[in-house]
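Colleague: One structure follows; several queries about it will come next.
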Amino acid sequence: MTTYCLHHPHDPAHWSCPLCGGTFCNACVKTSTHRTLTVDRQITLCPRCNREMDWIGAQNAIVPYWERLPHFFLYPLTAKILLFLGVLGLLHYIFDPESLPGMLVSISSSALVLRYAYLALTTTSSGDLTPPPMDGIPLGSSIVIVLKQGLVAFLLIVPYAFVVTIAGQTAGYLLLVLIILCVPAIIILLATSNRVLHAVNPNAFIRLATRIGKGYLGMFGLLTILWGAPALVVGRLAPHVSPNFLSALTCVISGYYSLVSYHLMGYVTLQYHESIGYDVAQENFKAAATPMKAAEEKIVEDPQLKQVTFLLREGRLEDALAYIGEIKAQKGELPTPELSEKYFSLLNMLGHTEKLTAHGHTHLDELITAGKKEEALAAYAACMEADPDFVPSAGILYHIGTWTSDRVSPEQAIAILQRAIRNHPDDPMLPAIWFRAARILNDRLHQHDKALKLLNGILKKFPEHDIAPQVRNYLSVM
């Protein structure tokens, strides 16, 4: 689910404040230079509390590629790209395509377009959705990428020929279909790694395609159309234009669709970068324009939340806290989890410890119900810091203890579960808490004797409880 900027609710947030919980886009945050003895580092500061912020990550600001298809076709329509393609087309028009100079022009222009297409793929996959500068496409490096792609094609043809020779045409055709289906993945690997052997490694390109999943099949379908479009257009025009003009049109049209297709592959790499293990650095990332309709569908205009947001934008934290407090007093509880989160954050920021712990019971219960583990652990830690004697319900302590074992440490988890046992000796959840503590002692801390004592204690004290069969099964495999 996309997190939106607090001040610009139609724009995805890029930054999150660990102190106040605010989320902001690049237009809202402040930057400062952090100077050390060895290096100067640019840091991003929260506009609300002036603390250093955390980058949310590229994933939050990326629109799925199927929601921004028109943008791919607009990508090459810049003055510098149109001039680039126009000059290449003019050279094709001047020289006879069947002459030696014409063939040299054709080879050179294809190499230049391919090199620029690879630059478009790599810059897009790194998070920059603007066309790369033209100074990165000298003819020498362009020939190198052509040779690499030719080597990739050769290394893929060899196993195909071998399979045809050994197993026959049918097996060869099946392998050919698989290779064609994996061509986009191979191109992506070649562009992002710049290593031929890595690009043709079946384990690498098949894994990349499967990790992208259904999105890969959609991309392949679009690429099939994009790669077939130039031939269709040129075929329709061929009977009506001269060979030189046809050669120029072929150069321009194929160059345009190549840039569209490579930009698409780069964007798919960016969209699924977490799934495929591709790193996107914050300093390289430039957010995509979010289609307004997609953003509007996800935003619910809650008048109360809107008023709180306005007060926070103005820096009127005490007023925002008082406003939420009035809502709570009138209704007995806060109507939305968002208001509850902001109320808790404000109480914590402004040092209202008594109200913080009082609201902590309700807020923790909401977070646990929503399955927000990290937020629940952070809220529990804030309550404990405000009041070391803070004791929520047994159910809350059970979940906090369980999640602490997974995310923090088993020792702290045992301490939390013991707190539940000590403060809620008659709670119906006590057998489950004992069982959870026993499993942590046995599985994580390897304190088997203590775990065995707890498990036997459950069976002795609660022999007819619903959890007793689970305890017996666990004992049988200890």
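Cβ from N, Cα, C; glycine included.
From TrEMBL, for reference:
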DOMAIN    1-45  domain 'B box-type'
TRANSMEM  72-95  transmembrane segment
TRANSMEM  101-121  transmembrane segment
TRANSMEM  142-167  transmembrane segment
TRANSMEM  173-194  transmembrane segment
TRANSMEM  215-233  transmembrane segment
TRANSMEM  245-265  transmembrane segment
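Any idea what these are sitting next to in the structure?
Modeller: Only residues 6 or more beyond the boundaries of the transmembrane segment (101-121), in the same chain, are considered here, and those with a CB under 8 A from a CB of the stretch are 75, 84-85, 88, 91-92, 95, 131-132, 134, 136-137, 139, 141-143, 145-146, 149, 187-188, 190-192, 247, 251, 254-255, 258-259, 261-263, 265-266, 269.
Residues 108, 110-112, 114-115, 118, 175-176, 179, 186, 190, 194, 196, 199-200 of the same chain lie 6 or more positions beyond the ends of the transmembrane segment (142-167) yet place their CB under 8 Å from a CB of it.
A Cβ distance under 8 Å defines the sequence-distant neighbours of the transmembrane segment (215-233), meaning residues of its chain 6+ beyond its ends; these are 64-66, 69, 181, 184-185, 209, 249-250, 253-254, 257, 260-261, 264-265, 268, 271-272.
Sequence-distant contacts of the transmembrane segment (245-265) (same chain, six or more residues past either end, CB-CB distance under 8 Å): 65, 72-73, 75-76, 81, 85-86, 88-90, 92-93, 97, 102, 106, 109, 113-114, 116-118, 120-121, 124, 131, 184, 187-188, 191, 219, 222-223, 226-227, 229-230, 233-234, 237-238.
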Colleague: Please spell out the DSSP helix, strand and coil residue counts for the domain 'B box-type' (1-45).
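Modeller: Taking the domain 'B box-type' (1-45) as a whole: 0 helix, 18 strand, 27 coil.
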Colleague: I need to check the long-range neighbours of the transmembrane segment (72-95): which residues 6 or more away from its ends have a CB within less than 8 Å of a CB in the stretch?
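Modeller: 65, 101-102, 105-106, 109, 112-113, 116, 120, 129, 131, 134, 244-245, 247-252, 255-256, 259-260, 263-264, 267.
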